[in-house]
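Enquirer: Input: one structure, supplied below.
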Amino acid sequence: MRYQRVGDIVIVRKNLTEEEIKKIVEKTKCKSIVKYVTISGEFRTQYVKLLYGEETETIHKEHGCLFKLDVSKIMWSQGNIKERERMAFISNKRETVIDMFAGIGYFTIPMAKHSKPFIYAIEKNPVAYKYLCENIKLNKLKNVAPILSDNREVKLGKVADRIVMGYVHKTHKFLDKAFSFLKDRGIIHYHETVPEKILEKRPIERVKFYAEKYGYKIIDYKIHKIKKYAPGVWHVVLDVHLER
Ligand code: SAM
């Protein structure tokens with residue numbers, strides 16, 4: 001049977017018999033089992049049904065980091081594991097980074113811990129923000145400034161060497177704001193869900209449109225496939241180096 005472990009909680013995709021629940025509990029020693037129902041809305045809220053146990057809050061360990069979250073309110077994407085690892089080691093001590101969609105710190109926590117830049121982590125959902133703050137403390141990080149706000153309301157000026165845009169719903173609508181944060185030279189990690197046929201074209205064309213609008217040139221770019229999102233649709237991230 002396929003299931004996902006988040007800390008000491010197991011997430012399954014279908015209803016289980018008593019026998020199946022017993023087997024999973026014996027095998028994993030989990031404290032709860034939940035059935036994934038859906039993820040929806042701008043906060044990417046996760047809805048689940050409790051099949052076993054009572055608690056839905058847990059601490060997940062990954063890449064030497066701790067992530068506290070409540071699986072009944074907050075998503076955890078197993079498919080993004082490689083990207084969380086890539087982001088962990090991509091920056092350095094000299095950089096200022098803005099994570100525009102920080103969530104509970106999916107990219108902020110591993111990056112702050114392993115690459116050690118200074119990170120402004122912006123999150124709009126108060127529940128995710130609460131866990132972001134807890135995760136900064138749990139991982140003993142001093143180089144993260146959490147900001148509870150819609151990123152479009154945040155005024156930091158052009159301070160960012162690197163910007164993470166880990167959001168997949170109309171992410172291009174946030175590129176105006178991203179360019180307002182970007183130094184004259186910098187990198188944007190731009191996420192999008194895109195049909196396979198236009199995977200090589202649409203993300204870069206969208207970023208190029210805004211780059212030109214703000215007088216930046218694209219020095220270099222690379223597209224990475226993160227995961228299959230839906231039939232014929234990929235979640236991708238575009239790393240774009242920009243200069244003006
Ligand atoms: N990148 C994550 C991962 O690796 O699993 C997944 C996306 S994360 C859940 C996206 C976050 O962006 C959510 O927590 C959501 O509340 C937040 N968000 C959405 N719109 C926002 C906005 N305008 N400003 C700040 N945060 C926003």
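Heads up, residue numbers simply count up from 1 along the chain you see.
Glycine is no exception: its Cβ is also placed from the backbone N, Cα and C atoms.
What TrEMBL lists as domain 'SAM-dependent methyltransferase TRM5/TYW2-type' is 3-244. What TrEMBL records for SER77, ARG84, GLU123, ASP150, ASN151 is S-adenosyl-L-methionine binding site.
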Enquirer: Far apart in sequence but close in space: which same-chain residues, 6 or more away, have a Cβ under 8 Å from ARG84 (S-adenosyl-L-methionine binding site)?
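Expert: Long-range Cβ contacts: GLU62, HIS63, TYR106, PHE107, PRO110.
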Enquirer: Tell me, by DSSP, whether SER77 (S-adenosyl-L-methionine binding site) is helix, strand or coil?
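Expert: For SER77 (S-adenosyl-L-methionine binding site) - judged by DSSP and reduced to three states - the answer is coil.
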Enquirer: Ten-angstrom check, please: count other Cβ atoms within 10 Å of the Cβ of SER77 (S-adenosyl-L-methionine binding site), all chains counted.
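Expert: Total other Cβ atoms inside 10 Å, all chains included: 18.
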Enquirer: For ASP150 (S-adenosyl-L-methionine binding site), what is the tally of other C-beta atoms lying within 10 angstroms of its C-beta?
Expert: 12
Enquirer: Check the binding-site residues GLU123, ASN151 for other C-beta atoms within 10 angstroms of each C-beta and report the one with the most.
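Expert: Output for this query is GLU123.
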Enquirer: Return the maximum Cα to Cα distance in Å (whole number) over the record's S-adenosyl-L-methionine-binding residues: SER77, ARG84, GLU123, ASP150, ASN151.
Expert: 23
Enquirer: Taking DSSP as the reference, which of helix, strand or coil describes GLU123 (S-adenosyl-L-methionine binding site)?
Expert: strand
